[in-house]
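If you look up TrEMBL, you'll see 128-132, His191, Arg236, 292-296, 320-325, 509-513, His572, Arg617, 673-677 marked as ATP binding site. Positions annotated as compositional bias 'Basic and acidic residues' by TrEMBL: 96-109, 477-491. Annotated domain 'Phosphagen kinase N-terminal' per TrEMBL: 11-98, 392-479, in sequence order. Look at TrEMBL and you will find 125-367, 506-703 tagged as domain 'Phosphagen kinase C-terminal'. Annotation comment: TrEMBL describes 96-122, 477-498 as region 'Disordered'.
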Amino acid sequence: MPFGNTHNQLKLKYSSEAEYPDLSKHNNHMAKVLTAAMYERLRSKQTPSGFTADDVIQTGVDNPGHPYIMTVGCVAGDEETYDVFKELLDPVIQDRHGGYKPTDKHKTDLNPNNLKGGDDLDPNYVLSSRVRTGRSIRGFCLPPHCSRGERRAIEKLSVEALGALSGDLKGKYYALKNMTDAEQQQLIDDHFLFDKPVSPLLLASGMARDWPDARGIWHNDNKTFLVWVNEEDHLRVISMQKGGNMKEVFNRFCTGLTKIEELFKKKGHVFMWNEHLGYILTCPSNLGTGLRGGVHVKLPNLSKHNKFEEVLKRLRLQKRGTGGVDTAAVGGVFDISNADRLGFSEVELVQMVVDGVKLLVEMEKKLEKGQAIDDLIPAQKMPFGNSHNQLKLKYSSEAEYPDLSKHNNHMAKVLTPAMYERLRSKQTPSGFTVDDVIQTGVDNPGHPFIMTVGCVAGDEETYEEFKELLDPIIQDRHGGYKPTDKHKTDLNPDNLKGGDDLDPNYVLSSRVRTGRSIRGFCLPPHCSRGERRAIEKLSVEALGALNGDLKGKYYALKNMTEAEQQQLIDDHFLFDKPVSPLLLASGMARDWPDARGIWHNDNKTFLVWVNEEDHLRVISMQQGGNMKEVFTRFCTGLSKIEELFKKKGHAFMWNEHLGYILTCPSNLGTGLRGGVHVKLPNLSKNKRFEEVLKKLRLQKRGT
């Protein structure tokens with residue numbers, strides 16, 4: 001741009017009111033954010049290369065959008081656009097990327113070793129896999145604003161850098177401008193060719209100027225790694241192959257990207273990146289990772305199911321036809337990819353695709369057999385910053401307050417509209433909200449004569465962040481336990497008096513159990529698949545180090561043999577997928593049976609459930625009435641497990657007020673339930689049986 005940007009100077013001869021665009025019929029993020037006053041403040045500004053507010057918004061002015069499809073409505077012309085026009089772009093980014101705030105920091109993770117699984121997507125359903133992103137070269141204007149000379153310089157630089165790739169990444173560049181008919185046909189057959197943009201959004205942004213000058217396609221000899229030059233971004237990098245090995249695709253993607261970045265650095269150029277927005281690209285929708293990981297997958301039955309759209313939304317995935325945006329699926333084959341770009345790392349986004357597609361294929365297989373998929377419907381995957389909560393905040397507290405008029409639980413007894421209004425905008429660092437805390441109590445009113453708790457914690461911080469609600473619930477549920485009270489912990493079995501002489505003719509078996517939560521991980525109602533798997537791995541390693549009478553083996557629910565399963569059933573050790581509505585509404589059954597399992601010692605007297613209702617459920621038990629021996633083993637085993645976790649750098653959640661932190665407020669403190677199976681055929685018929693139990697502070701249930 002020339003000195004002073006004369007075109008903008010011309011516009012400034014007219015008043016801001018005269019120049020302000022008519023956005024009355026528009027449905028895009030820009031139109032939602034821009035106001036006449038903001039336009040007046042921004043219209044005289046420009047970036048060092050001369051990109052103005054009108055240049056930023058023109059595509060959104062020319063393309064009002066669809067009443068039901070919210071487009072972005074703006075572009076960047078250079079790296080500085082996001083700073084000079086942050087008053088407009090920060091709210092657009094926050095709105096588009098699920099509440100991503102101007103103070104947030106973006107995560108970048110291009111280490112393919114951090115991806116769990118991904119090498120086993122069923123190739124009978126997953127036809128092909130790909131991962132792509134964009135990169136912008138610092139010091140050049142972006143495609144909506146670059147000059148011919150800049151565009152040609154970018155092409156020259158890119159061709160030289162890509163030409164230095166070797167090994168499996170060695171390849172060739174094909175310039176759109178002068179490729180042969182044979183080369184063009186081969187690229188069409190390979191589905192590598194990109195055409196001149198026809199989308200009005202791209203045309204209005206100026207991205208098709210001078211087409212096809214300085215545009216081209218580079219691919220490796222194996223045709224599994226591809227770079228588009230000067231399309232919508234300076235570089236569009238793609239790794240792909242047939243079949244379902246997303247692990248291999250992502251590994252090549254990360255390796256190739258890293259090598260390309262190194263080659264550009266050798267030439268004195270770096271990619272546009274900052275710690276807030278991650279990698280800078282033309283469209284605000286692609287900031288952060290710019291990553292789209294996708295598969296072509298056959299889902300002829302699931303795609304007709306009335307919950308298909310809901311399942312995709314919950315998994316934070318999106319679908320399109322295999323021909324690209326706005327194309328229909330053919331033969332039940334869809335292009336499924338991640339919906340997010342910013343706030344999640346590259347590994348996290350590909351992990352969402354891997355885990356989500358695996359579930360979609362599992363659903364498809366069940367539907368093929370005529371089976372229901374209700375038990376596989378996932379819980380909502382929360383976005384970065386919890387945009388779902390941001391959506392709720394658009395409605396008044398009164399409009400969002402639950403109807404608790406017929407409820408009988410501690411939560412409903414404590415919560416008031418005023419308290420809800422104070423708490424609804426809060427969330428823990430992991431994104432757990434007051435609605436997440438109370439949802440199980442809203443969905444399960446309880447019984448007129450049985451008072452349930454009606455809430456859960458999603459992480460350790462829940463009890464602090466929502467103490468206004470939870471302190472009275474804890475006080476009510478735990479016999480007046482006040483917020484100022486201190487909890488006592490005593491795991492010294494020598495302090496137990498007696499317990500080794502309960503009559504075995506009546507006491508058939510004895511057990512003591514508790515739960516433990518590992519600090520730094522979300523609790524079962526809120527943890528991600530990755531967290532749950534990390535907890536399992538950590539637990540199996542720690543438990544595997546137990547020795548002596550505590551030495552044992554772990555049985556993963558997911559892949560135990562039929563013989564192992566039958567043995568665990570016979571031993572009464574197996575736990576099943578929760579069917580209780582209270583647990584289901586809490587999100588505790590998500591992804592079942594993934595990363596759940598049972599560990600027991602060789603003597604079958606010490607047992608640990610992993611990732612059931614709590615991270616760990618620890619149980620000591622044996623036949624007969626020697627509770628002393630059971631409790632000694634319980635204390636010894638717990639102490640050793642805690643020591644082993646500490647060696648791995650992890651502690652259990654505990655504080656001096658609440659003791660050991662667990663998912664349900666009813667289990668805080670000790671989390672302990674000591675019990676016996678005892679024969680009381682006559683006493684149980686006595687009219688004072690219930691009264692005696694109450695006075696002894698004991699409770700009964702069937703065996």
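From the backbone N, Cα and C atoms, a Cβ is placed for every residue, glycine too.
Unlike curated entries, TrEMBL annotations are predicted automatically.
When the binding-site residues Arg132, Arg320, Arg511, Arg617 are compared by the number of other C-beta atoms lying within 10 angstroms of their own C-beta, Arg320 comes out lowest. Remote same-chain partners of the compositional bias 'Basic and acidic residues' (477-491), defined as residues 6 or more beyond its termini with a Cβ less than 8 Å from a stretch Cβ, comprise 410, 453, 467, 471, 635, 638-639, 654, 656-660, 665-666, 668-670.
Comparing Cβ neighbour counts within 10 Å across the binding-site residues Ser128, Gly293, Val676, the minimum falls on Val676. Note on the domain 'Phosphagen kinase N-terminal' (392-479): mean pLDDT across this stretch is 90. A strand conformation is recorded for Val676 (ATP binding site) in the three-state DSSP classification.
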